[in-house]
Amino acid sequence: MLGLPERRLPSAEFLLLLPFLLLLLLLLPAAPAPHRAAYKPVIVVHGLFDSSYSFRHLLEYINETHPGTAVTVLDLFDGRESLRPLWEQVQGFREAVAPIMAKALQGVHLICYSQGGLVCRALLSVMDEHNVDSFISLSSPQMGQYGDTNYLKWLFPTSMRSNLYRICYSPWGQEFSICNYWHDPHHDDLYLNASSFLALINGERDHPNATAWRKNFLRLGRLVLIGGPDDGVITPWQSSFFGFYDANETVLEMEKQLVYLRDSFGLKTLLARGAIVRCPMAGISHTAWHSNRTLYETCIEPWLS
């Protein structure tokens, strides 16, 4: 009468099937929620006279900003044991990180503080199957140390930096981790001949593994270098960025170092592919790098994918 379309009622058969259809919908699995890729595991290596406890703030920051991240702060060579020869430490840390890497199919990140940064760089050299994405070197003397610090005065109370080479460049001295990266710019020949660690991982002295170590190091996804002028321990502080003194104690930046110009272990190649990040920050003392929130947010968090 009003020209409206006729409405048809559901058939009896449909009404009978309706409860079963509703039950079927309830039993079907729900559509999965959008999945965000998990953060890569983070491995932390401490420095001289240090332990895992020192990194409680860093652990807190990572848990807050990247919840669910598996963070392992390695508890090896703590306290005075950190004075053990660095190659001995490298072997110990290698045994600890290998199973973590093996389980992390997407790779891992390394955060390595002070002396630990040298341990980690050696790990990247000797491990031919490592899968490190970001190696974050946190105030580490990557080109060596040449300065009077409280640590040195405690260990060698009768020596000054000008004559410490007499101890460090002896077989006895090389049994101490500090001497493994002592780099006296006034006695370069002695350093090159006597250094059992730094001169080798830098490729400054020929050895049978140099080519393989360079290849291994270049498996690295990204090298993040962190340090600053108010560190107070790393001397020169530019060593954190692969800068160092010449014979006149003038600091030459990384790009003027022979290890870079010769690309002896891969620095030049990394820089050419845009894989080196430099993050200098003033106002932070050596023992505060791993607890400074601003430093974490600026220089560390962006590289923890």
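Just so you know, glycine gets a Cβ as well, placed from its N, Cα and C.
Residues annotated as signal peptide in Swiss-Prot: 1-32.
Look at Cys120 (disulfide bond): DSSP puts it in a helix. The disulfide bond annotation in Swiss-Prot covers Cys112-Cys120 (among others) and is backed by similarity to another entry.
In the three-state DSSP scheme, Ser114 (active site, nucleophile) falls into the coil class. The number of other Cβ atoms within 10 Å of the Cβ belonging to Ser114 (active site, nucleophile), over all protein chains shown, comes to 28. Annotation source Swiss-Prot lists active site, nucleophile at Ser114, citing similarity to another entry.
Cβ neighbours within 10 Å of Cys168 (disulfide bond), excluding its own Cβ and spanning all shown chains: 26. As annotated by Swiss-Prot, disulfide bond applies to Cys168-Cys179 (among others).
Secondary structure at Asn193 (N-linked glycosylation site), taken from DSSP and collapsed to helix, strand or coil, is helix. There are 11 other CB atoms within 10 A of the CB of Asn193 (N-linked glycosylation site), with all protein chains counted. Annotated N-linked glycosylation site per Swiss-Prot: Asn193, in sequence order, evidence recorded as sequence analysis.
The annotation active site is assigned in Swiss-Prot to Asp231 (among others). In the three-state DSSP scheme, Asp231 (active site) falls into the coil class.
According to Swiss-Prot, the feature disulfide bond maps to Cys279-Cys299 (among others). Around the Cβ of Cys299 (disulfide bond), the same chain contributes Ile136, Val224, Ile226, Cys279, Met281, each under 8 angstroms and 6 or more positions distant in sequence.
Annotation comment: Swiss-Prot describes His286 (among others) as active site. His286 (active site) carries a helical DSSP state (H, G or I). Take the CB of His286 (active site) and look out to 10 A: across all protein chains shown you find 19 other CB atoms.
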DSSP-derived class (H/G/I helix, E/B strand, else coil) of Cys279 (disulfide bond): strand
Counting across all protein chains present, how many other Cβ atoms fall within 10 Å of the Cβ of Cys179 (disulfide bond)? 28
Cys168 (disulfide bond) and His286 (active site), distance between Cα atoms, whole Å: 23
Could you state the CA-to-CA distance between Asp231 (active site) and Cys168 (disulfide bond) to the nearest Å? 23
When neighbour density is defined as the number of other C-beta atoms within 10 angstroms of a residue's C-beta, which of the disulfide-bonded residues Cys112, Cys120, Cys279 has the lowest density? Cys279
Compared by Cα position, which of the disulfide-bonded residues Cys120, Cys168, Cys179 is the closest one to Ser114 (active site, nucleophile)? Cys120
